[in-house]
Amino acid sequence: MPEPAKPAAKKKDPKAAKKEEKKEEKKEEPKAEAPTPAEPAPAETQGEPSSQSDGLFIKKPEHALVESGKDVSITFQVDGTQLPGKPTVKWFKGKWLELGIKSGQRFQFKESFDKEKNVYSYELKIGKVVIGDRGDYRCEVKAKDKFDSCPFNIDVEAPRTEGDNVLQAFKRTGEGGKDEVAGELDFSGLLKKREGQEEEKKKKKDDDDDMGIPPEIWEMLKGVTKKSEYERIAFQYGITDLRGMLKRLKKAKVEIKKSAAFMTKLDPAYQVDKGQKIRMWVELSDPDLAIKWMKNGQVIKPSGKYIFENVGKKRIMTITKATLADDAAYECVAGEERSFTEVFVREPPVTINVGLDDQQVYVGDKVEMEAEVSEEGAQVIWKKNGVELTREDAFKYRFKKDGKKHILLINEATKEDAGRYQILTNGGSSEAELAVEDKPLEVLQGIADLTVKAAEQAVFKCEVSDEKVTGKWYKNGVEVRPSKRITISHKGRFHKLVIDDVRPEDEGDYTFIPDGYAISLSAKLNFLEIKIEYVPKQEPPKIHLDCSGKTHENTIVVVAGNKVRLDVPITGEPAPVATWMKGDVVFTDTEGRVRIEERKELSSFVIESAERTDEGSYTIKVTNPVGEDTATLNIKVVDVPDPPEAAHITSVGEDWAILVWEPPKYDGGMPVTGYLMERKKKGSMRWMKLNFEVFTETTYESTKMIEGVLYEMRVFAVNAIGISQPSLNTKPFMPIAPTSEPLHLTLEDVTDTTATLKWRAPDRIGAGGIDGYLIEYCKEGTDEWIAANTELVERCGFTAKGLPTGEKLLFRVVAVNIAGKSLPATFGQPVTIREIVQQPKIRLPRHLRQTYIRRVGEQVNLVIPFQGKPRPKVTWTKDGQPLDPKEVAVRTSEVDTILFIRSAARHNSGHYELSVQIENMEDKAVIKIRVVEKPGPAHNVMVKEVWGFNALVEWEPPKDDGNSEITGYSIQKADKKTMEWFTVYEHNRLTRCTVSDLIMGNEYYFRVFSENICGLSETPGVSKNTAFIQKTGIVCKQTDYKEHDFRMAPIFLTPLVDRTVVAGYTTALNCAVRGHPKPKVIWMKNKMDLSGDSKFLQKNSQGVLTLNIRKPSPFDSATYSCKAINELGEALVECKLEVKAPQ
């Protein structure tokens, strides 16, 4: 039964623990005696930095033992009092592997700050621990010149199973006895447990032999061929015991299988920074073997992102500008073999360029905390007093990004917002203190002492700077409560205490005290008691004005729109009755725009917003039983004048206009002192003032306008009262002016009745443009100008006709536009109207002074200028015969003649004669035209002689040379068996040739093409007989001459030249080399071989060497050299290339 078994189990636990302790001691003793020459250094010293420790740890990280598959957490604390600022913490595994690059699902890093204790806490959490996580670790803390580090160890053991305690096997077989000796011991179970323990020990020993390295890494290590790869893989995967790893590999004795397709495979892994390029390559055993590059199982196609290169047996793939998307598994497939690798893209840490600033604000102010980071779009974390601000706090805090700037916004700060704010990136942090204080209360208006009479109202009023501040009123130190007579109000910044129907007991000291502020406002209320004694008496009414008694009148001047109030003091006993009149109209209204207000001993006549119709004489009459009195008051209403009238533009110029207007009909009762003018562009709403001082005239010249722009203007009248409304806008007008005079007036030609004039357009045309030109002339000695054209001439040339022969005339030209005529352009001397005779002369172009050659079917278009006056007669002939108009077209003008043949034929060749004749004067020119085509085939091709391996072939020139000299022949041979033709000679000048290197036993045909300037003949001339090379009777004759040795060491014919280029534009370096045998060329940059670099393209064309540099940058500035090498020697040339950044 379970209940009796419980105490027995409790008693067995301490005994079992003692037995286990004894076993542990026995196990540890031989370990201490065993030699440890191959053991690594202790964990405390492995991976420690060389710098001296500053003792910053309050709590150091502890060693951990964890089961495989479970989570482990390592924590430590740092004393913030010893640090100048927030420290930088790094976690390492082994000596080199930084765990920060593995941040993700398994490795998580946390940090916090206790502001009260000034302690920084850090935590490393590893999820689902594997055997490979076992090893030595280290944490480093650094803050400016402070540094400290602490090592720790994580040991991983296999998962535990139930019943691990061997002593549990010593259980009794009895079921219910309380006595310890009840039942028998189960020795068979104990033996089974010992067998299981032996298996566990053996398994654990195998795990220890693996050194905690995952199997896939062992497989990778087995395939390594170079020794340097072991160190790189150990560094990458955090393996600290390199010597033990090599011993384990040597013990395994794995036979490395050589790849049939790959001589060199891809590295197991590559690491690259974001934005940088990475090159990976394999070396194939067969250069003709086709390969494919794949990424995550997908085939990669060449593009600007992925560049493929073939250099010998190497196959290179370059990834340009690596991004996080390039972090993937890659493979190179060659046939059925594959080479795998993995690329890790490391994102550079985001640093803070401009940190946060401490701020001090008042409650209710807007707060902006701004920091600038090193990269746009970076993710940041905002913290307040060590607590992260999340999106859930958006109602209070707003996060804003502006490029590299990150801003934390608090719309209305409260005292709860005060604290330590922090912005964090993956590469740094910045802190600032925010202090929030209450706004000081300001008294904008204090309360004043009051003296009031009985039954009157007393009002105490004050104004403070904060609308939300409340307060209390006190009288003689006692709080005042609202009642029927006492009203307390608070509107905005104003606080009022109103006491109606003041009584003597209300007298005292009144104080206002704002809630929450140590200030008070005080004033005193004084009660004034008046005693009135009534003595009845009677006296006639009297108006107390200077104009009383109808002897004088008062005139009151008021500006229209203002309020008029006529207060007339009156006396009389009993109180008189006042009556106000304007002519026969009596005013009785006590409300409205015109009203009467009656008070004791005062009668008031009020006019609200006086108008022009209110102007006139007003009479007040007061009466009582004793008598009456009257007075007259004159009211004159003055106003701004009416707008000026009839504003219009009378004339305009290039940048000016004359504005004229009439004075206003009504001057407002005051004389007009002047006018103000404004103008604007048509369609615009912005008026510009033209004068700031009043202008007294009614004509104004406006200047500084833009020609060709439509304007409008208006005028204001000004008197002593003010400025009138604007006048009506003028009609839109455009400042415009005539052009300047035409330029360079010249006489082009003159006859008995005509004169041809030419000129150039004016320098200044303006917005009005040019409508045309007017040409006028007059006889010398007179002023009567006669128009030579009835309509304006648009072009800059004109021929005046119908002129009197023999007269001396003066000419002038005027440009006309919308603004009128310009100044005239005139001749300085008169022109005599008389024909000028000029001898005919042909101006034959230079290329026509030699034979003009065209091919059959091409056009012939000859333009030949000539001169002569009067117009000469032009005649064309060919070989003394007139031209056929069906084949040859001729067009003749006053200055040239054109000969045109649409499709030239051979019969169009010949001597063409041009004749230009004026009466008995004549000039001639001869043009030789030759129309050519391809020649005919060579004639009568024969094999004249055959000897050895040679044959002599002769032929005759073609019967048709194509109307051109034969420049050479092209000879071909063909074996009779195959009849495939091969060229033997080209451009052969003679009509014979010797064909050598014929094959013994073959029979050959020969054919010959003729060649002239048009090319080879369409058909060849074929030999009528053949050349047969005999097989027997061959006798070798030794040559009695020594062959020339053409070998020579390389020599540069053209050296490299120093150059300066602009970055971004492809450039080339050129030189020329000679050498035999053909030398090997090597291009170098700063003595480093450029072979295999895709940026540099090398070319060799017949010894001309070119190095093309694609889009050079300033980093490509260097000394470039070219070396040529063959078996006889080598040669070297150098140059300097400077790459400048574009300005």
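Glycine residues also receive a Cβ, built from the backbone N, Cα and C atoms like all the rest.
As annotated by TrEMBL, region 'Disordered' applies to 1-62.
Feature annotation from TrEMBL assigns compositional bias 'Basic and acidic residues' to 10-32.
Taken from TrEMBL, the feature compositional bias 'Low complexity' applies to 33-44.
As annotated by TrEMBL, domain 'Ig-like' applies to 49-141 (among others).
The annotation domain 'Ig-like' is assigned in TrEMBL to 260-334 (among others).
The annotation domain 'Ig-like' is assigned in TrEMBL to 348-435 (among others).
Annotated domain 'Ig-like' per TrEMBL: 440-511 (among others), in sequence order.
The domain 'Ig-like' annotation in TrEMBL covers 541-634 (among others).
TrEMBL lists 643-739 (among others) with the feature domain 'Fibronectin type-III'.
Taken from TrEMBL, the feature domain 'Fibronectin type-III' covers 741-836 (among others). Note on the domain 'Fibronectin type-III' (741-836): mean pLDDT across this stretch is 88.
DSSP assignment over the domain 'Ig-like' (840-928) gives 6 helix, 52 strand, 31 coil. Sequence annotations record features per position, and here TrEMBL assigns domain 'Ig-like' to 840-928 (among others).
According to TrEMBL, the feature domain 'Fibronectin type-III' maps to 937-1032 (among others).
For 1050-1140 (among others), the entry in TrEMBL reads domain 'Ig-like'.
Between the domain 'Ig-like' (1050-1140) and the listed ranges 49-141, 260-334, 541-634, 741-836, the one holding the most Cβ pairs under 8 Å is 260-334. At the 8 Å Cβ threshold, with sequence separation of at least 6, the domain 'Ig-like' (348-435) comes into contact with the domain 'Ig-like' (49-141) through 3 or more pairs.
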